[in-house]
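Before any comments, here is the structure.
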Ligand code: ADP
């Protein structure tokens, strides 16, 4: 449905993908008076609930992409799955694709990403492409096997300790027609994330480096800034993120997920070229959120300050609990009364076990207090602390 004419004469920004990241771009878009047009995969998905100017269709279909981007000068993304050929076709149509296909491929394909990092002299876990059990054996057990494309939230990642455990990953790779990457098992102290926003003019803003906790391959908690991080290592992580953003000509937000090794180094795990779960803390904990800086960056507007607003911010994801734990709204009276400083962000998604349906942010001067408040609220919403109707 076409919206009324925009009184601010701002350009309409096309966003592909109707998940929570697109939904959360809508908040700063409202504040800045930026019209968004969305391609949603289905009616009623997370971002389609809040962006009235949306088209429902398949992002793998070029005609659909052309319909959505018609009249838009810039297109950006909620996910990295749009086929590269389609992105080139949109560029040929005169639309600025941000981030562009040449950058995005490094977030789509882990083998391409590893090769490019090697060229840039940036640190990765030891790695090799493998096609057989023999290849994996000569790489050495134990190791991590990863499909180079299509993995997310720990899917497409296997820890293997012997030849018999390679059958499943090799089968999945063969069936899906993707390559398989072997990596050394990194002995890491924790996982870090370095987030930067970069505009086409080359302006960049680096957020403080954060620590993230993953359970079963899913990010559950983020602490900003990473507690007790050696300032030199924090600087190195930011430098890596800025180098990647510049060298790959990334526009918008880039998240570099890193391992902090037990012997005091940082190694790049993966790249994401969009707002990222490890940056959700910025909504309440930074002067400019990652979502706002993503919009500013892809529109080539000056970036906002990434400085933190308070000493600590803790983000905890709300994951769907067992199916019968009811409705998230039922959790509001207790969660909001218990902690008037808590910031809650729900995505408008149906509850499914393990699915990310929202997150909370708690900020303040005392890290333990922030952790307790954010963890309590997330556990409450999940239904781990009892029945909300009691
Ligand atoms: P995804 O594409 O699902 O995000 P990742 O490559 O980030 O996959 O891997 C998921 C999780 O598996 C990581 O967050 C990390 O905890 C663990 N992991 C991945 N690679 C390695 C590695 N080389 N060594 C040790 N742990 C790893």
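Quick reminder: no glycine exception, Cβ is built from N, Cα and C everywhere.
Of the residues proposed, 146, 155, the one TrEMBL records at the same ATP site as 110, 183, 184, 185, 186, 191, 269, 270 is 146.
Under DSSP, residue 110 (ATP binding site) is assigned to a helix (H, G or I) in the three-state scheme. Applying an 8 A CB threshold to same-chain residues 6+ apart, the list for residue 191 (ATP binding site) reads 211, 212, 213, 214, 257, 258, 259, 260, 269. Neighbour count (other Cβ atoms within 10 Å of the Cβ, all protein chains): 20 for residue 183 (ATP binding site).
In this structure, residue 270 (ATP binding site) is part of a beta strand by DSSP. Proximity of residue 185 (ATP binding site) to non-local residues of its own chain (separation of 6 or more, Cβ distance below 8 Å) is seen for 142, 143, 144, 159, given in sequence order.
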